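Q: Could you have a look at this structure, given as structure tokens, before my questions?
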Amino acid sequence: MGQLVDGVWQDTWYDTKSTGGRFKRSVSAFRNWLTADGAAGTSGEGGFAAEKDRYHLYVSLACPWAHRTLIMRKLKGLEPFLPISVVNPLMLENGWTFDDSFPEATGDTLYQHDFLYQLYLHADPHYTGRVTVPVLWDKKQQTIVSNESAEIIRMFNTAFDGLGARAGDYYPPALREQIDELNGWIYDNVNNGVYKAGFATSQQAYDEAVDAVFTSLERLEQILGQHRYLTGNQLTEADIRLWTTLVRFDPVYVTHFKCDKRRISDYLNLYGFLRDIYQMPGIAETVSFPHIRHHYYRSHKTINPTGIIFHWAAAGSQRTARSRSALPLICRAPVMAPNNSENRYLPTIHSRLFLLRSLKNK
């Protein structure tokens, strides 16, 4: 954990003394946009046109923000356009590192840097700020396009469509107002809310944060009791943004961040939603529970000084196969498979509830 100050690395934890014990996340510094034709986006500068063999994605398999970009990359079939480098899950005195001794960590396959902060200095030798993932890197201009995950997934949604990306719009015009509204309160109360609870250094700050987390989870439980996804029957970026927090909730946030009023597996609809998306083609490939659990429990020495990783009783439950062939045909809805080669039948909200209730009765 640390940050760069005028190009010099400093190993410092978050300052909560000046905020009443409340964790305040800093704003992402690099906010350019990769677009189909290189035109400027809603922030930053232009000049970043979609091209093959030009861009590289730096991620952590532990990080929920980076995980969003991996899922969108998978859904849109962008692997040929966006090779990745995966950092080591441990983030200690030098921040994210490229130590490839941990399974699935790749090292820096572009520049062979030892630390992620060196990549930031490659882009800006005088950079001041946190060194975070994901990082969308432009090999042509030798700089960071963006380190803001919310914007990167929107770039991936459309930028490569003219170059052979897989069909699919996860931010459709007709749903944008609804998606933006969902994103706002889910980010504040759930995505970032678990961090506000976990990194709080006063009882009041913790109480406020954890209450907001579970009030919002109850609201989401009600929404997902009405339809399969947050906006209806179509998977959108709002679902992806929520899901990367939910998949970490029981294995990490319940204990490590003290969000222990309830587990996601205690919610009928949220747990069904979690498993539903996990079992979509390709999604499980983006999840690494060893990276997730080692990162949180062994990196955050301020809140877990021993580095002990607790035993997760429900390990593997997301992988539990559901007998879709046994579901009534009337309870199925056709969803186009990612490669568009066939129609796969995934359960609607009604069949999901039917199945979960059946499993609970066994």
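Our numbering is plain: 1 for the first residue shown, then up by one each step along the chain.
Placed from the backbone N, Cα and C atoms, the Cβ positions cover glycine too.
Dumping what TrEMBL says about this protein:
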type	residues	note
ACT_SITE	C63	active site, nucleophile
ACT_SITE	Y195	active site, proton donor/acceptor
BINDING	W96, R130, V131, T132, V133, E148, S149	glutathione binding site
DOMAIN	172-299	domain 'GST C-terminal'
SITE	Y253	site 'Lowers pKa of active site Cys'
SITE	Y296	site 'Lowers pKa of active site Cys'
Q: Within 10 Å of Y253 (site 'Lowers pKa of active site Cys') (Cα to Cα), which of the recorded positions W96, V131, E148, S149, Y195, Y296 do you find?
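A: Matched recorded positions: Y195, Y296, sequence order.
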Q: Please state whether DSSP places Y296 (site 'Lowers pKa of active site Cys') in a helix, a strand or coil.
A: helix
Q: With an 8 Å cut-off on Cβ-Cβ distance and a minimum sequence separation of at least 6, pull the same-chain contacts of T132 (glutathione binding site), or say none.
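A: Residues satisfying the criterion: S28, W65, N147.
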Q: Just to verify a number: CA distance, Y296 (site 'Lowers pKa of active site Cys') to the residue listed as 'active site, nucleophile', in angstrom, no decimals.
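A: Y296 (site 'Lowers pKa of active site Cys') to the residue listed as 'active site, nucleophile', Cα-Cα distance: 9 Å.
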Q: Could you tell me which three-state DSSP class Y195 (active site, proton donor/acceptor) falls into?
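A: Going by the DSSP assignment, Y195 (active site, proton donor/acceptor) falls within a helical segment, counted as helix.
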Q: To what whole number does the mean pLDDT across the domain 'GST C-terminal' (172-299) round?
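A: Result for the domain 'GST C-terminal' (172-299): average pLDDT 98.
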Q: Roughly how many Å lie between the Cα atoms of V133 (glutathione binding site) and C63 (active site, nucleophile), rounded to a whole value?
A: 8
Q: Report, in whole Å, the straight Cα-to-Cα distance of S149 (glutathione binding site) from the residue listed as 'active site, proton donor/acceptor'.
A: 16
Q: Tally every other Cβ atom lying within 10 Å of the Cβ atom of V131 (glutathione binding site).
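A: The answer is 24 other Cβ atoms.
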Q: Express the distance between the Cα positions of W96 (glutathione binding site) and the residue listed as 'active site, nucleophile' as a whole number of Å.
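A: Just about 11 Å between their Cα atoms.
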Q: Would you work out the biggest C-alpha to C-alpha distance among W96, R130, V131, T132, V133, E148, S149, the residues that bind glutathione according to the record, and give it in angstrom as a whole number?
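A: Among the residues the record ties to glutathione, max Cα distance equals 17 Å.
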Q: Cα distance, the residue listed as 'active site, nucleophile' to S149 (glutathione binding site), nearest Å?
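A: The separation of the Cα atoms works out to 11 Å.
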Q: So for W96 (glutathione binding site), how many other CB atoms are inside 10 Å of its CB?
A: 28
Q: Using DSSP reduced to three states, classify S149 (glutathione binding site) as helix, strand or coil.
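A: S149 (glutathione binding site) sits in a helix per DSSP.
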